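Record features (TrEMBL):
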- 18-38: transmembrane segment (TRANSMEM)
- 58-77: transmembrane segment (TRANSMEM)
- 98-120: transmembrane segment (TRANSMEM)
- 140-162: transmembrane segment (TRANSMEM)
- 169-189: transmembrane segment (TRANSMEM)
- 231-249: transmembrane segment (TRANSMEM)
Amino acid sequence: MTLVKVERIKLFSTRSPWWCIAAAMVLTVGFVALAAGLITDTDAQEFTAPQTQGPYRFGFMIMMIMAVLAVTTEYRFGTIRATFLAVPNRTSALLAKAAVIALVAAAVGEVAGVASWGLAKAIRGSEAPLDFYTARDYRVVFGVGLYYLVAAVFAVAIGVLIRQSAGAIALVLLWPLLVENLILIIPRVGDDIQKWLPFTAGNNFLAAGTDHVGNAGDGPGDMPFGPWGSLVYFAVITAALLALALVTAKRRDA
């Protein structure tokens, strides 16, 4: 617990996490509020709870940037050396860092998801069917935090592996936004490959059963797992990547 407290203090001792949290909240909730306020009364009749989570990608991208910076900044300024001198067990130190960042990201995602739904409901009132009617509605709104949590750990692992802010940020942004979608252009096998990519699987956790939260890739019916299976698969891939990062950190000089 001491390591967790230390990592929490280190994380919030700089301004960048606060700016990232604020930006994630404003962009995610702001776009939903804008959409809720601008849609016509006719469109409002089809404005459901899952639709309020469409902009979740803004927030999770920013949370991944925060996670990367929390790691690479320490390598850049050499403060990670002091951490490893104080805590010779590098695995414990990095796991504590990952835990703190993951919990912060999960909290931001949960608040953003619920706030987006709540604000949309406040704006549209009874004009839109924003109540929870199915388990899918609960999963999409309250599951955003889980997706943010896994994505943040993924970003921590990338930060430990690459160590440079620019390269790590470029990778965590371009991989889900560009690379996983470009896989589709590979003849014959592109569709099959994309289904097994980490962020496509993670997105299926929120997208399964709805046309309103997803990407341009495969529909939920084409995925090898259901929503919860997709989240578990995303978490397993992330855990494997984190394990690789921990092994690498133990073998390389800080």
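Cβ coordinates come from backbone N, Cα and C, glycine included.
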Leading stretch by Cβ pairs under 8 Å, where the reference is the transmembrane segment (169-189) and the options are 18-38, 98-120, 140-162, 231-249: 140-162
Selection from 18-38, 58-77, 140-162, the stretch that has most Cβ pairs under 8 A to the transmembrane segment (98-120): 140-162
Non-local residues, at least 6 beyond the ends, that sit with Cβ under 8 Å of the transmembrane segment (140-162): 49-50, 52-53, 56, 59-60, 63-72, 94, 97-98, 101-110, 112-114, 117, 132, 168, 171-172, 198-199, 202-203, 205-206, 210, 213, 231, 234-235, 237-239, 241-242, 244-246, 248-249
